[in-house]
Ligand code: AP5
Ligand code: ZN
């Protein structure tokens, strides 16, 4: 399956993509994760992306598109993939179509995760990510068994730089202006399925699987 997850920051795209990709045995391709790995590794790509990410703005399309083309060209993505955080505007969606055309493939589904903005702010201001394995928890909704310590690997949990309330509000504005138009873009192509992304993580996963099955 070749699918895209779309939804506002904090909708649970990363959480769901991790579970779904593992159950479907396809790689999760998260542009946010790739950028963050490059920022912490101090690469040229990371240097180009950092200031945009800290402000909550989109990294320029030419940088992002080239990175995604390269990632989807790798061996493990040939049998399918789950994109998390890409595309994020109509120009990126058009680039994705071109990349897939060149591979002789097409998209099967676009899954929209719907959550209201106040819930997003609560989720992101309490989010903690593991520095070692990338696992994501929440101080109230999925509290670590030991404060500041990842339940999965025992690594250190930290708060992302872009999870300050002011930056979260800006990311939401960027979502409304640049990313939300993708919903009608994909609706027009018959690829869109939308689900409510509130409630327990397992319930959202069950809804997501049912919605994706309908498109497979
Ligand atoms: P990115 O990393 O993609 O951030 P985002 O889209 O803002 O999404 P988040 O990672 O914040 O949230 P999520 O939906 O994955 O939620 P999560 O599962 O963690 O992008 C970061 C930056 O990189 C961008 O601002 C931009 O600068 C750059 N970038 C990335 N892609 C780009 C692109 N294509 N073009 C240009 N620039 C790009 O969940 C959030 C919290 O809620 C967690 O604490 C979790 O435990 C909790 N939670 C999850 N599900 C539930 C639930 N059901 N109930 C209660 N809590 C829950
Ligand atoms: Zn960990």
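For all residues, glycine too, the Cβ spot is worked out from N, Cα and C.
TrEMBL tags one of the stretches 88-125, 126-163 as region 'LID', and that stretch is 126-163. When the ranges 30-59, 180-209 are checked against TrEMBL, the one recorded as region 'NMP' is 30-59. Summary of the site annotation: TrEMBL records AMP binding at 31, 36, 57, 58, 59, 85, 86, 87, 88, 92, 160. Screening the candidates 169, 171 against this entry identifies 171 as the one listed for that site.
Each of 131, 132, 134, 135, 151, 152, 154, 155, 157 belongs to the same chain as 130, 133, 150, 153, is absent from that list, and has a C-beta within 8 angstroms of the C-beta centroid marking the Zn(2+) site.
Highlighted here are the binding-site residues (127, 130, 150, 153, 160) whose C-beta falls below 6 Å from ligand 2: 130, 150, 153, in sequence order. Secondary structure at residue 10 (ATP binding site), taken from DSSP and collapsed to helix, strand or coil, is coil. In this structure, none of the binding-site residues from 130, 133, 150, 153, 160 has a C-beta falling under 6 Å of any atom of ligand 1.
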